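Annotated in TrEMBL:
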| type | residues | note |
| --- | --- | --- |
| ACT_SITE | H149 | active site, proton donor/acceptor |
| ACT_SITE | C211 | active site, acyl-thioester intermediate |
| TRANSMEM | 5-23 | transmembrane segment |
| TRANSMEM | 254-273 | transmembrane segment |
Amino acid sequence: MFRKFIVVAVFVVGLSIFFYPIISDWLNTQEHHSSITKHNEAWKNMSDEKKEQERQKAEEYNAALQNQPVSIEDPFAEEVSGEVEENQHYLNVLDIGEAMGSIEIPSIDVRIPIYHGVSEDVLSQGIGHMPNSSLPVGGKGNHAALTGHRGLPSSKLFRNLDEIKVKDRFQIHTLGETLTYEVDDIQIVLPTETSWLEFNPTEDLVTLITCEPYMINTHRLLVRGKRIPTEETKEAAALITPDGPMIEAEKPMYLLWIALLILLMSILTYWYIRRRKRWKRR
């Protein structure tokens, strides 16, 4: 009896290990979608006057940054992560629901909320905005820096950022708008190299940052995008509303495959135990 228990326990543990990354990534995706939806709902429920105030606050924040020397540090440094909590003025700008917006990268199939700051708590939930960079609301002369982990056991985040190529596009959804950026530069730099954050008065830029190489993290991967007009395709129009991007429902097939795999493992476990009983009877 004890040996049967051990066999079943081994199967259950193995099954849990096998499905943990799949299920945890799915759960985190649901959390991301929930956060984005709350942001969109908060924006939708604002009065027109309040919406204009939010836009104005963001524009004033960005204008102030352009008129002062750029001071930026490695977003993954421990001493940087706690600075945002003391900057209440920054936290009050783009404070719409749980997130300031979201980023969508079709080429690597991610849609993740963007939060204030780069604390470890923030980066474990989604993408962080570096406070000394422009807020990601668009406008010439702005340069926003968004950072994310290369991947966690429970969520992929920017894990596949190295697969992005020049001319690929990504989108920022915030303030009820969709801003499209085309990748024009990809660099790998040391954590101490921060001169890449430059403000160009004629361009609207966003740089995505993560660690490189994966699991080693000695360098930083920088993917810069330049603002281009957003194309209104039929597919895009179906997903974008005046109140922000609609969140696609998770495909039922994803859950179906998980259910089928669990069922298969259960059948194999049952078959194995029954077979052992027959061997013992013989």
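Note: Cβ is positioned from N, Cα and C throughout, glycine not excepted.
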Cβ neighbours of the residue listed as 'active site, proton donor/acceptor' where a neighbour is any other Cβ within 10 Å: 20
The residue listed as 'active site, proton donor/acceptor' versus the residue listed as 'active site, acyl-thioester intermediate' - Cα distance in angstrom: 7
Number of Cβ atoms other than its own within 10 Å, given for C211 (active site, acyl-thioester intermediate): 22
